[in-house]
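Pulled from Swiss-Prot:
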type	residues	note
MOD_RES	S4	phosphoserine
BINDING	H65	nitrite binding site
BINDING	H65	O2 binding site
MOD_RES	T68	phosphothreonine
BINDING	H94	heme b binding site
Amino acid sequence: MGLSDGEWQLVLNVWGKVEADISGHGQEVLIRLFKGHPETLEKFDKFKHLKSEDEMKASEDLKKHGATVLTALGGILKKKGHHEAEIKPLAQSHATKHKIPVKYLEFISECIIQVLQSKHPGDFGADAQGAMNKALELFRKDMASNYKELGFQG
């Protein structure tokens with residue numbers, strides 16, 4: 001399940017592109033999530049009223065939250081699998097406060113991959129996609145493990 005040094009390098013190379021416009025990437029990830037999986041929108045009181053893509057694009061709060069999500073994920077990815085200290089509080093809040101099921105983490109992972117494919121086709125070939133998929137799978141597995149410890153069946 002672990003990634004090789006080369007795979008982590010591929011992940012972090014493309015992540016550098018994300019960080020150059022983290023709020024733009026985050027906004028696009030959340031819009032794809034909410035459009036592709038409208039049930040996920042119900043977990044966000046702050047965004048429930050946003051019905052159209054235009055409303056979502058115009059929302060500064062959505063843009064800010066997208067940046068927050070990807071900043072947290074970037075912090076985890078940079079730990080190259082040694083992310084227990086970062087995962088624990090995230091799992092705690094997502095299990096006990098936000099009640100975000102693991103399935104929704106799969107959905108957002110798919111959206112992240114799609115946004116990277118769309119925005120960075122030259123830097124996100126098959127090897128980089130495979131590495132990012134493995135990194136996001138590791139993240140989800142560790143979130144799920146923490147959820148289980150917390151008694152959350154999400």
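Positions of Cβ are set from backbone N, Cα and C atoms, glycine also.
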How big is the Cα-to-Cα gap, in Å, between H94 (heme b binding site) and T68 (phosphothreonine)?
14
Using DSSP, would you call the residue listed as 'heme b binding site' helix, strand or coil?
helix
Which of H65, H94 (the binding-site residues) has the most other Cβ atoms within 10 Å?
H94
Once the chains shown are all counted, how many other Cβ atoms turn up within 10 Å of the Cβ of S4 (phosphoserine)?
10
How many other Cβ atoms sit within 10 Å of the Cβ of the residue listed as 'phosphothreonine'?
13
Just the number: how many Å between the Cα atoms of T68 (phosphothreonine) and S4 (phosphoserine)?
27
Determine, to the nearest whole angstrom, how far the Cα atom of the residue listed as 'phosphoserine' is from the Cα atom of H65 (nitrite binding site).
31
